[in-house]
Amino acid sequence: MELTLWTYEGPPHVGAMRVASSMKDIHYVLHAPQGDTYADLLFTMIERRGQRPPVTYTTFQARDLGGDTAELVKRNITEAVERFKPKTLLVGESCTAELIQDQPGALAKGMGFDIPIVNLELPAYSKKENWGASETFYQIIRTLLKDKVNEIDKINPQRWKSLGRRPKVNILGPTLLGFRCRDDVIEIQRILSEQGIDTNVVAPLGSSPEDIERLIDADINVCLYHEIAEISCEWLKRNCGMEYTTTIPIGIKNTINFIHEVHEKLDLPLTNKGELENKSKLPWYSKSVDSNYLTGKRVFIFGDGTHAIAAAKIAKDELGFEVVGLGTYSREMARQVRAAAKDLNIEALITNSYLEVEDAMKKASPELVLGTQMERHSAKRLGIPCSVISTPMHVQDVPARYSPQMGWEGANVIFDDWVHPLMMGLEEHLIDMFKHDFEFVDGHQSHLGHTATNAPDNKETKQAQSNMNIQEKSILWTESGKAELTKVPFFVRGKVKSNTEKYALSKGLPEINDETLYDAKAFFG
Amino acid sequence: MSKVELNKETGPREVFCGLTSIVWLHRRMPDAFFLVVGSRTCAHLIQSAAGVMIFAEPRFGTAILEEKDLAGLADAHEELDRVVNDLISRRPEIKTLFLVGSCPSEVIKLDLATVSEKLNKRFLGQVRFVNYSGSGIETTFTQGEDGALKALVPLMESTDDEKLLLVGTLANNVEDRFKKIFNHIGITNVESFPPRQSTELPKIGKNTKVLLTQPYLSDTVRDLKHRGCEIIYAPFPLGVEGSSKWFLAGADAFKINELKVHEVIAPLANRARQALEKHTEILRGKKLFLLPESQLEISLARFLHNECGMELIEVGTPYLNKDLMDEELNLLPDDTKIVEGQHVEKQLDRVRATSPDLVVCGMGLANPLEAEGISTKWSIEMVFSPIHGIDQAADLAGLFSRPLKRNQILTSKTLATH
């Protein structure tokens, strides 16, 4: 048993729902008790969707367990097929149904429908949401393409030349409830089309079973989110030789690398190399004088594998931050995240426990947190500004405006989203000058810092601070020491405090006064 | 006997399960912790239902069953021991720990009663363990509260003192108001169950008169009856009419003259009716369809029809306890169509066919119906908002008039949704 207070990922059948709901003409019969219908509100509330997910729950109850739940499954399958007339039917079960072993997928296959039936076996007690989404997408592709790929030759990525048409690619991996997927797809399609490359199919988001059947018309696949599409891309490579890209186009450098990778794979010469540098405002904004204050800002990163790795690279190479923490809850991507952390000379944090993440965050004392909705809560408690970069997310992370993470516009969005919770350069100096004025409220953030610690959360911040005080009562701070500490900007105060205490302990000092603070400052540099 | 039309329906449902009631129960009793013994789905459910609203560390969690727990039950008991130890060392301020059963723990027949018993011995004097089931194969949404309260009844000490016991979770301000009004009426010994601290359970006995504040507490009521309590049957305190009759029934059980009650509540009722007017202007004549979710649907339908002039198309309820609801059913118009249970697709077909002005439904259905041009109100808001009592009648009506008013504001301008 694992004790969980908050969890980063749902069960695997929620991953399956994300794929089913992303697609058209598909229906998912889920053998599950009534409570499992909660999953619908992830789509209708968090994503504000105007349609119900295409899911029929069998809604079995305790009294059904003594009888024939298999009959209940069959009845629901029949009703769902009649009512929704899907072109492909997914059949699976949730955690409770798995225990009663009705095998709904096998039942459905024996019912004589003339549509493809995908039997989803998603082990609920060992796997999680992203795995479920990835497996579902793969099973759909496998079911719908198995016969076709046997008939075709290996796909040459350069065949577009001999076929006398523009090169075309599939974009694989975006789903509903993925982080800004909808806008990423638009951005990537736009970038590819500027390069003379067409999009054959985007899947699962917006695709139909017919679209899946024509995946093999493309020259290569673009694997946009490894968590969802890597297994499918591998299968397409193994079975029909389709190449796929592995660079995730988040950030300027990786967007350029991505464009290069696509061109190389397609053997398409890149004509306008120089222009790529000027497509986004991020490089100039990052170089502009106001950004000087960003130099070496300490940033803590936690999220899904794809977004965490990308964030670390942008933070270090494109914004000049110091990455003091990097981690993921995606165990499937632990290896890649560890490698990325190693490049930064830190150790990756691979965990499902948001409390462990909060502890690591506290120890690292960052000036900015880039994380999920959970880290947003933790950062609030600790009084640290935070920007959300990955799922799980809040309804406010599904904005009405166009706000991709990928490509040129994605880089612009990232600059704004990450930098606004911090103070601007000039602003920081002004606050330093005016902080002794009576109007000055300690804990002030940028007026743009809507995701950072604002007034309503002050109570929790104070609570966290007073907790901190209680824990560290053992070391005596003199009045002059305390007064000096309050002059330190609040966002580094925790770090300064613990450094000074560490210094005092190492020197065997009985108490900390203002001079000790300066001594420690000089010592640590 | 009422002549309402009672129908039953079975099929796929769209309702929350009993685990969800943890979300308000943990707010009510801040010294209690709710540990769900279940799957990742259970953890995800509570987080999705409550997560975005809670910023502090929650006083609920899930012991997630893993494959190895399913292999042997002895293991699961030991594992649960370990998880409970972790939890209590992390949260030493916890006084009552609810072990909450879920669908998977029910199906594998994990015996939480035995586990609780053992833990009770081990943590004697420190933490009290209680268990109940919030499983979705047995309970819907608000029934979880019934399970939690029923589990507390055996822990309530006995007394022969005469008292009025208000049963069902209320907002604190509403509870205070109720006690004050009963005091004015002349009933001074009024207590609440659940209490605000899990350790301060009221004493009960043959002179305890129970007045329910929520209609979904059938099992708790049965156990209170077994302990000798007298159950006062009344409509539920929603709206001016329901609340007035509820106060009258309470006073009657204490043999207090009806005139005295009227004297106290008449000014409140007059004031509330005035406040209601601006909402009834919007609600009058509008067609209402209630989908099953909170089990408050019948009381809400009665209020919205009798006091706000709405026309009832269909009143869905997940479960109907005729004993507890008889007083309410009698106040409904004779031809009211009540549907117990659900076949969500067929019910939505009826919604579309009857084009109601307002649909009361769960969160999963609200936006899809809005996208079809049908105004909705979330059921879940009824369990989170202070809606009980005479003074809150206008606020309650406001929950329903707001979507209609918003609709008028937006469609009168240029906003088309498709």
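Going from the start of the chain as shown, residues are counted 1 onward.
Glycine is no exception: its Cβ is also placed from the backbone N, Cα and C atoms.
If you check Swiss-Prot, you get these features:
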type	residues	note
BINDING	B:CYS17, B:CYS42, B:CYS103	[4Fe-4S] cluster binding site
According to DSSP, which of helix, strand or coil covers B:CYS42 ([4Fe-4S] cluster binding site)?
helix
Least Cβ-crowded entry, counting other Cβ within 10 Å, from the binding-site residues listed as B:CYS17, B:CYS42:
B:CYS17
Using DSSP reduced to three states, classify B:CYS17 ([4Fe-4S] cluster binding site) as helix, strand or coil.
strand
Counting every protein chain present, what is the number of Cβ atoms, excluding its own, within 10 Å of the Cβ of B:CYS103 ([4Fe-4S] cluster binding site)?
32
Can you tell me the three-state DSSP label for B:CYS103 ([4Fe-4S] cluster binding site)?
helix
